[in-house]
Amino acid sequence: MKGDKIVIQHLNKILGNELIAINQYFLHARMYEDWGLEKLGKHEYHESIDEMKHADKLIKRILFLEGLPNLQELGKLLIGEHTKEMLECDLKLEQAGLPDLKAAIAYCESVGDYASRELLEDILESEEDHIDWLETQLDLIDKIGLENYLQSQMDE
């Protein structure tokens, strides 16, 4: 099915954001695990896999619309050097992607591509949930202190 060129451009933009997130979250997961923060590492690993699932759905949709998925233009990863900075980097990445998602959803709606819109709405919901989780973790650090937070993330 021949898709709207601008829809495909939007889908590729979101795909690029997802590819950045996959790599960033995967590296952060391994860093957390290396530091003995098993709970945080496991959660971050699952976030990376979740982003990979989003990327997979986007690739399938782009191909269905007879477009070419762009996996070559990767943006910059935001890698923190300590736990709080890593959480802040992840939050910044998620927040930076929201305007792209909302613009893509609005455009898909305007041209009647409801399947792409629904896919993007599902991704938006997931990203908003992740933002909420990240904000909660940063609030916990502020409330209980970094040392107590780190201790709470050590064992499963």
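Residue numbering: from 1, along the chain as shown.
In case you wondered, yes, glycine gets a Cβ from its N, Cα and C as well.
Features of the protein shown, as given by Swiss-Prot:
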DOMAIN    1-145  domain 'Ferritin-like diiron'
BINDING   Glu18, Glu51, His54, Glu127  Fe cation 1 binding site
BINDING   Glu51, Glu94, Glu127, His130  Fe cation 2 binding site
BINDING   Met52  heme b binding site
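What Swiss-Prot annotates, mapped onto the structure for a quick look.
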| residue | record | DSSP class |
| --- | --- | --- |
| Glu18 | Fe cation 1 binding site | helix |
| Glu51 | Fe cation 1 binding site | helix |
| Glu94 | Fe cation 2 binding site | helix |
| Glu127 | Fe cation 1 binding site | helix |
Helix, strand and coil residues within the domain 'Ferritin-like diiron' (1-145) as assigned by DSSP: 116 helix, 0 strand, 29 coil
Shell list (Fe cation 1; ref centroid = CB of Glu18, Glu51, His54, Glu127; cutoff 8 A): Ile14, Asn17, Ala21, Ile22, Asp50, Lys53, Ala55, Gly97, Ile123, Ser126
Listed in sequence order, residues not in Glu51, Glu94, Glu127, His130 with Cβ within 8 Å of the centre of the Fe cation 2 site Cβ atoms: Ala21, Glu47, Asp50, Asp90, Leu93, Gly97, Ser126, Asp129, Ile131
Residue among binding-site residues Glu51, His130 with least C-beta crowding, 10 angstrom cut-off: His130
Within the predicted model, mean pLDDT of the domain 'Ferritin-like diiron' (1-145): 97
From Glu18, Glu94, Glu127, His130, the binding-site residues whose CA lies within 10 Å of that of the residue listed as 'heme b binding site': Glu18
Rounded to the nearest Å - Cα separation of Glu18 (Fe cation 1 binding site) and Glu94 (Fe cation 2 binding site): 10
Alpha-carbon distance [His130 (Fe cation 2 binding site); His54 (Fe cation 1 binding site)] in Å: 13
Cα separation, Glu94 (Fe cation 2 binding site) to Glu127 (Fe cation 1 binding site) (Å, whole number): 7
Surrounding CB atoms that lie within 10 Å of the CB of Glu18 (Fe cation 1 binding site), all protein chains: 22
Residue, out of the binding-site residues Met52, His54, whose Cβ gathers the largest set of other Cβ atoms within 10 Å: His54
